[in-house]
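This is the feature table in TrEMBL:
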type	residues	note
ACT_SITE	GLU117	active site, proton donor
ACT_SITE	ASP258	active site
ACT_SITE	GLU351	active site, proton donor
ACT_SITE	GLU372	active site
BINDING	THR475	Ca(2+) binding site
REGION	517-557	region 'Disordered'
Amino acid sequence: MLFRLLVPLGLLCALLPLHHGAPGPDGTAPDPAHYRERVKAMFYHAYDSYLENAFPYDELRPLTCDGHDTWGSFSLTLIDALDTLLILGNVSEFQRVVEVLQDNVDFDIDVNASVFETNIRVVGGLLSAHLLSKKAGVEVEAGWPCSGPLLRMAEAAARKLLPAFQTPTGMPYGTVNLLHGVNPGETPVTCTAGIGTFIVEFATLSSLTGDPVFEDVARVALTRLWESRSDIGLVGNHIDVLTGKWVAQDAGIGAGVDSYFEYLVKGAILLQDKKLMAMFLEYNKAIRNYTRFDDWYLWVQMYKGTVSMPVFQSLEAYWPGLQSLIGDIDNAMRTFLNYYTVWKQFGGLPEFYNIPQGYTVEKREGYPLRPELIESAMYLYRATGDPTLLELGRDAVESIEKISKVECGFATIKDLRDHKLDNRMESFFLAETVKYLYLLFDPDNFIHNNGSTFDAVITPYGECVLGAGGYIFNTEAHPIDPAALHCCRRLKEEQWEVEDLMREFYSLKRKRSRFQKKTMSSGPWEPPSRPGTFSSPENHEQAREKKPAKQKIPLLSCPSQPFTSKLALLGQVFLDSS
């Protein structure tokens, strides 16, 4: 009770004065341009501090103005911040960092690395930067996006993770040595998220490289988790990957489970995979039935559904954003507003919040500048335009600057009750928190493209479209262009479908030409011939009969749609017309 009185809500409001651009007495929404510039200044204060004091270490220690390795000695903050640079419009620094990473990052090192963290931060960050390289003015090599130095780095990092998947269940170990593989004494207990958070990066990698092993192991891991759910449809948060037995049986949407659910939805959107979406929707029913109370989500026993922990974890704040991706906007907003009240109470989200008591949980009072609530605000603002969501962005900027800013960057808040700081600035602050804040206040950013602009590129497999929008953020906020997955592979069935459509098109055109009795001295009109394209329906027929082992550049390259769906950008809704 003593700590309740240390920073009462009224005093907290007094500590955080509103700046120009915040809502006034008339209730006007925060000025996006003003806060966009504030967020950009936050990024550069943190980024420059890392470069000056911590590079080439993984992360900055802002209180002592030095650096330390945390997740494997990859210059992690630089990788994590790379695509944020482009989103902020800094192409010259993006280009410089690409060169720095190629010269300095090596994965052949004797280091025990988190399989989960290496995937989402390193593999995801490199894949995203690779796909954005051309937009950033990098001189890409022939064959891009199916080849390139950042893609090769991402593949090299991912291959170091593959030994972790060599288990009887196909579910991966949590840690792997980058030089020697899985250590003999490594614990087989892995959290659910550490098993189910690979499909976005690994499917992208398989599509770009042509090697199916990455997507295959990710799908096996997802399937094994699905098969391990309880009779009431829930999963726990830690499982033995050798035996498939649950070790921790608390079920919820937060820590240890969170990004598994996230990747079922995002994997379904990215891959247009009906099965992944069906899995999530089944989980969603069980989650609503057993864990939701008054638009809060509690922790329950996975087999019985009885409440085990009546707490809200800050990591759960991604959930409203995920709900928005399946079109469940009303429920998303109600849950978001619950979480926002916690932010207003403390000027941040404590790691654990006891819902019945309305206060923090002992030893879980900190806020390491996590992005999840801001992420949900960004998604929901794109879907609704509700100015309340901009107010959360304003409050986040004001709180972080007031409480967390120090001479050398931004420090983790160790205790939201008295605002004590910790000597760490996690790389996700630049990868996620700042990025989502900026995108919340920048409605015209290229990331929000609605398909009105795009780039057509020629690959060894044909022409494809990139940059049209619909970016899928991995769980570290690294955007993946879904169209890129169709640039470097083309199933024969897809080619033949296109050829059939073109043959129909030319046949109808000839019939219309005869009907109108139009003649041309050089014969019927044909499309201009290009190297590697078929110039007539007859050639299409001959090509289909021969079915060559290797196809040249096709006339068209379109992603197949395996199920009927409608997709609204950044408010994605799946609707099955059947």
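First residue shown is number 1, and so on along the chain.
Using N, Cα and C of the backbone, Cβ positions are placed for all residues, glycine too.
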If you measure ASP258 (active site) to THR475 (Ca(2+) binding site) at Cα, how many Å is it?
10
Could you list the residues of the same chain, at least six apart in sequence, whose Cβ is under 8 A from the Cβ of GLU117 (active site, proton donor)?
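Those within reach of GLU117 (active site, proton donor), by Cβ under 8 Å and sequence separation of 6 or more, are TRP71, GLY72.
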Please report the distance from the Cα of GLU372 (active site) to the Cα of GLU351 (active site, proton donor), rounded to the nearest angstrom.
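Here the two Cα atoms lie 12 Å apart.
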I'd like to know which of these active-site residues, ASP258, GLU351, is least surrounded, judged by other CB atoms within 10 A.
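It is GLU351 that, of the active-site residues ASP258, GLU351, has the fewest other Cβ atoms within 10 Å.
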In sequence order, which residues at least six apart in the same chain have a CB under 8 Å from the CB of the residue listed as 'Ca(2+) binding site'?
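Long-range Cβ contacts: ILE120, GLY124, THR197, VAL200, ASP258, SER259, GLU262, TYR263.
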Among all protein chains shown, how many Cβ atoms are found within 10 Å of the Cβ of GLU372 (active site), not counting that one?
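Within a 10 Å radius of the Cβ of GLU372 (active site) lie 24 other Cβ atoms.
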